Amino acid sequence: MLKTEDLWATVIGLLALLGVWMAWQAGSPLAQMVALNTAGLHWQTWGTLLAFFEHQWDAILLQPIVFSLFLALPVIFLNLDLERFLMGFLVLFLLALVTFSISGWAQSARFELEPPVVALLLSLAIGNLVTVPDWMKPALRVELYLKTGIVLLGATFPLSLLLSAGPAALMQAAIGTILTVGAIYGLGRGLGLTHGQAAVLGTGAGVCGVSAAMAAGSAVEARRQDIYQAISLVILFSLAWVMVLPQLAVLFGLTPGQGGAWIGTSELADAAGMAAASSFGVMVGHANVVIKAFTLTKVIGRDVWIGLWAIFWTFTTTQHRTPGRGLHPLIPPTRMPGGGACPSSSSASCWPQAS
């Protein structure tokens, strides 16, 4: 078990959350110093971009150090070259800064350039134009990073927030995502797609786009080309719905609340959905109502399912393994503590609230 990335992803995630909680309880500013708030990055000029990073220079310096400390333990147990891993990880961290800088550009939303999409495009360009040096290969642990991210994702979904949405909204979102994922998965299997292909495509379309497709791909151990194909389709249809959904909402005579909820249920990706909701809000003159309804059904209602589907696909994948590739019986349970403990701790008000 100490040789599996699944176990170490859970360990790293829970240790990171424990460290944040201890720092917060002790009144230490360390957790806030390490937090790099890329979500607030929105720039139009180079001066604005440089000012953003100058304001958070301490996090830029501390974050790779803290991440390296957490990742050193699994690297040692996985028999990787620690020195090469740390060198490669630093390069990956710098590329991540480039990724968030591009996605934070004011015009990126027009082209659906979310961080995962930018990262994918950069990786494709680097992989096809540049030979990756051997010293960097130990740091290319995509599965480890992705699985750790899924564990940490649980801390961002407090159950109290879900309950505040009300039973009707939760039921509507649950029915929508279950029917969407189930219908696409069933249709895909009927058309000859593999279990992994259908699961990745269905989850990407039914939950939150690119991130959900990547999480499902990790859970079913899909081929990289399957994940890339699903991401491409999600982006294509997301861009189409940005233009179509607002017009249809007006054509159907939907109220601001109805239109926002409908877009939140229909749109595939968060950024594209926000663009569509904003467009509809301008058309009907009640942007705030539309955005609130969209957020309730899409961000709160559907996005929370990403962890649940990852756990579901982890278990169901055991039925589709070829002989000799059976899943270790303890692997699914090692993924579940992070998916269950993190939302539970967040719901119990264990974590500091954002100011």
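FYI, residue positions are counted from 1 along the chain as it appears here.
Backbone N, Cα and C define each Cβ position, glycine as well.
TrEMBL annotations: computationally assigned, not manually curated.
As stated in TrEMBL, the feature transmembrane segment covers range 113-132 out of the listed 113-132, 293-312. Within the same chain, residues 114, 116-117, 120, 143, 146-147, 150, 176-178, 180-185, 188, 193, 226-227, 229-231, 233-235, 237-238, 268-270, 272, 298, 302-303, 305-307, 309-314, 316-317 sit at least 6 positions outside the transmembrane segment (199-219) and bring their C-beta atoms closer than 8 Å to a C-beta of that stretch.
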